[in-house]
Structures are given as structure tokens and as C-alpha cells.
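Colleague: Okay, handing you the structure first.
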Amino acid sequence: MTASIKIQPDIDSLKQLQQQNDDSSINMYPVYAYLPSLDLTPHVAYLKLAQLNNPDRKESFLLESAKTNNELDRYSFIGISPRKTIKTGPTEGIETDPLEILEKEMSTFKVAENVPGLPKLSGGAIGYISYDCVRYFEPKTRRPLKDVLRLPEAYLMLCDTIIAFDNVFQRFQIIHNINTNETSLEEGYQAAAQIITDIVSKLTDDSSPIPYPEQPPIKLNQTFESNVGKEGYENHVSTLKKHIKKGDIIQGVPSQRVARPTSLHPFNIYRHLRTVNPSPYLFYIDCLDFQIIGASPELLCKSDSKNRVITHPIAGTVKRGATTEEDDALADQLRGSLKDRAEHVMLVDLARNDINRICDPLTTSVDKLLTIQKFSHVQHLVSQVSGVLRPEKTRFDAFRSIFPAGTVSGAPKVRAMELIAELEGERRGVYAGAVGHWSYDGKTMDNCIALRTMVYKDGIAYLQAGGGIVYDSDEYDEYVETMNKMMANHSTIVQAEELWADIVGSA
């Protein structure tokens, strides 16, 4: 171990901590070391560790966050070499609630709580839960659906080693969890010190160039194809409007997906996306056979160490202004829109119902209502609903209750999802599902809605978007809205292709 690397806590402190713990089931002891960033960014650190050009690489992820409303999430996270990957769904021969598997797996880990200086994620499960998993949470929504993308319904990496980048102190924190069910504390400490030292060596190695992904020549001007087309989507809108007028639902959220061939490496799509569409939830998840690339604006649900559950309904959108005055005027216009306010309040009520199902009703609160949140290109109406879990409920129960968001399904939620399944006839996959993490601490989680998210598989980027349909929605306008939502990501691909064509040439 190099002299400049200090592992914390030291072994004597860790032994003392182990002796002080009354709970004999505690078996995870996190240790860590700091590394000044030295101008090393999280995405370059990820490239050094993930080795994307290596065909024998393991799954990995990069989670980042961009500043919104002058608030910056403190940490970015990198994960490599998971101890185990949970994959479920028909493609894996496991058609069951993935949260049951995850909860059982994570029940075998119990982290020592009094290790100071750790970020909100210091080890745990990271990945996605697809929209289609709702059939396990709400069996009434189950329908026979065509599986176009052939992806796992859930994909979760269990990572004992996490590299966190602290945006405040501009330093990396390399964390490894010692599992005393698998080794003694002393042996585990030495192994952890070696793992941390090896990671530091890779991050500080300037003897070789940064291993950017290999990028072949770019084929320009490729086109996309929708799975339903203009006529098909407008028919979806018309059908849902009939159900709304009959009183079956108040709102429904149909979607369409486009397939766009591209010769870009998926990480080069992500690099451009994080620049042109900075968002609270930026992620690149390498599942080896496919990749998930996203810039989501919207929290689905999170929980903290005090069992407080939070969800953020977002509904109502207006563009950013060219000047501060125009920006504020547009925000006032959005606040004053009766249609946007009515739809938003409906989703807040839905969120309150979801929270009430698993939280003490006396703790359920609308913490923020109809506030404006500003993003890079748009402004949204945002609210916050929270509550404290009842003693018999867990974070997994909270996730099931809130999933999927009303903004991607409708209201009443179950009936809307039944109608959506019958109309779309295909699995949605990652779109409208959740991307995020579940900590080993047994309490915390943080999951965003998989919006503005792309799936890259076999040289094709899949983009998907939907829109909320109410009784007076216009079919053509709704079709255009979904296309506009997808075009933000499509433009990212086009711009990245043009940039890389200048560097590596065109095919």
C-alpha cells in the first residue's frame, strides 16, 4: 500500500467497532480512502476503471447529477465488478417479483451503522426495474405482450466496492465493504486495502492514454422508425378519450417507441447527452449485451435512514426563456395554467394515496406544491409528497406502492395501466420503469423514473416517450408532443454523430 493512501477506519478502530456491536448479525464493515480529484472527472475515472474496450469486462455503472435550481447533488457514483447480478424476466427464465429476490439477497447483509464519513451509497444494488414488473405488483394489469427488445425485466448489480466523487470537496472516496461472513475482519481488511490501492493506482496512472471507447467511422443521416406511427398513436389517443368520457379513467399515458440505428459507441452518446441535457439523474449502465443511457428529471421514490419516503410528482412543462425576464414570465404562465394545475394536482393526490398505503397517515405530508423547477431546456411544475413508513412496511413495499409513477401511467392507476397494455400490445421495457440504487444499509434507496432514457442494443438506440391524455386532448398535438420529447434524445445522437464524424470519419 502506498504511503499516500490512508485506509479509514484503521484496523484497531474497526475491531473496537466490531466488539461494541451488540447485534451479532452485523457482517458488513465499510472502509475507505480519499483521493484528491487532481482534475480527474467522474466520467474519465469511470473509463479508467470500467475498461469498456475489454470484451471480458464485467458490468459497471456511472451515476451522475447536474445542478438544477442551483442545487447540486453532492455525489457521483461509479461501480465495477459486482459480486452478483440479479436478472429476472422471461429471457432469464425467472418470472417473479424481482424485489422479492432482491430483498432476500440483501437481507443477508447488515452494515455497521456507526462508520463515519460515508456517502448515501457506499455499497448495494444498482440497476433498473422495468415498467413491465408492475404485473407482479398489480396482477390485474397482466396482459399477453409482445417482447420486442428481449431485455431482462430487472437488472440489479450488487456492488461491494463503490467509487464516490464528492462534488463539494472535489475528491474521490473509494469504499469497500468487508463481509465477515466470508472472511475474518483482519483478512478482509488487508484484502480491502489491496482493492482500494489497486483502484487508486488505476485512477492515478498517467503512463497510458485514457481508454476512451473505440469508435468506428460514423454512418450519417440514418433514420428512425416508430413502433406505431402517427396513425397508430392518434388511435391510442382517441381510444383513451372514449374511456375517459365513459368514466373508466381520468387520464391515461400511452407511449410510442422509435428505433434509431447508430454506429456511435453508447458511451459516446452518454458523453454528449450529459453535456446538452444536464439533469438530476444522469446514468450510464453497462449491462454488457446492452446499455442504458439516461438523463431523467424526475424522482420516482427515495427513502432515508429514518424511514422517510419521498416522491416528486412532475407535470406541467414550459420552455426556458432567452432572458431572465422571459424565463420568469413563462414560469408565471405555467403556474397560472388551469389545465396544467388541474392535471398536476390530480397526480399529487395519486402520490398521496400511494404514500398513505405504506406510511403512517399522520406523517403523510405535501411538503411542496406547484413549485417551479428549472432544467437546462424546460421548466416543470413540481411537488413533493412524503411520509414515514409504518413499522411493518419496508422500502420495497414503498417502491411497489409508488411504482410506476402516475405521470407515465394515468389515473386511476391500475385501470389506466390495463388499458395501456391492451392498446400498446408490447412490453415497455426500461421506459417508464425505474433506475437507481438500494443501499446495503437496509433503509435507503433512490430511484428515478426512466424518462429521457435510451436503450442501446445491437447497434440500435431505442427511444420512447408518452403523454398524458385527458378528455379534451387533441390527437395530432399529442402525437407531436411525444415526438418532441424523443427528438431531444434523437438530436443528441445526431449531434454526437456529426462531432465524431469529424474525428474518425464517416462510413
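Residue 1 is the first one shown; counting continues down the chain.
For all residues, glycine too, the Cβ spot is worked out from N, Cα and C.
Features from Swiss-Prot:
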BINDING   Ser65, Pro280, Tyr281, Leu282  L-tryptophan binding site
MOD_RES   Ser81  phosphoserine
MOD_RES   Thr223  phosphothreonine
BINDING   Gly316, Thr317, Tyr431, Arg452, Gly466, Gly467, Gly468  chorismate binding site
BINDING   Glu343, Glu481  Mg(2+) binding site
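So that I understand the layout, could you describe where these features sit and how close they are to other parts?
Modeller: There are 22 other CB atoms within 10 A of the CB of Pro280 (L-tryptophan binding site), with all protein chains counted.
Under DSSP, Ser81 (phosphoserine) is assigned to coil, being neither helix nor strand in the three-state scheme.
Look at Thr223 (phosphothreonine): DSSP puts it in coil. Using a 10 Å Cβ-Cβ cutoff, Thr223 (phosphothreonine) registers 8 neighbours.
Within 10 Å of the C-beta of Arg452 (chorismate binding site) there are 26 other C-beta atoms, taking all protein chains into account.
Other Cβ atoms within 10 Å of the Cβ of Glu481 (Mg(2+) binding site) number 17 in total over all chains.
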Colleague: Do any of Ser81, Tyr281, Leu282, Gly467 (recorded positions) have a CA within 10 A of Glu481 (Mg(2+) binding site), and if so which?
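Modeller: Checking each Cα against Glu481 (Mg(2+) binding site), the hits are Gly467.
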Colleague: I'd like the Cβ neighbour count for Glu343 (Mg(2+) binding site), meaning other Cβ atoms within 10 Å of its Cβ, all protein chains included.
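Modeller: For Glu343 (Mg(2+) binding site), the count of other Cβ atoms within 10 Å is 22.
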Colleague: Work through the binding-site residues one by one (Pro280, Tyr281, Glu343) and name whichever has its CA nearest to the CA of Tyr431 (chorismate binding site).
Modeller: Tyr281
Colleague: Quick check: with Ser65, Pro280, Tyr281, Leu282 left out, which same-chain residues have Cβ atoms within 8 Å of the centroid of the L-tryptophan site Cβ atoms?
Modeller: Leu63, Glu64, Ala66, Asp73, Ser279, Phe283, Ala295, Ser296, Cys448
Colleague: Tell me the Cα distance separating Arg452 (chorismate binding site) from Pro280 (L-tryptophan binding site), rounded to the nearest angstrom.
Modeller: 12
Colleague: Give the residue from the binding-site residues Gly466, Gly467, Gly468 that has the most other Cβ atoms within 10 Å of its Cβ, counting over every protein chain displayed.
Modeller: Gly466
Colleague: CB neighbours of Leu282 (L-tryptophan binding site) within 10 A?
Modeller: 25
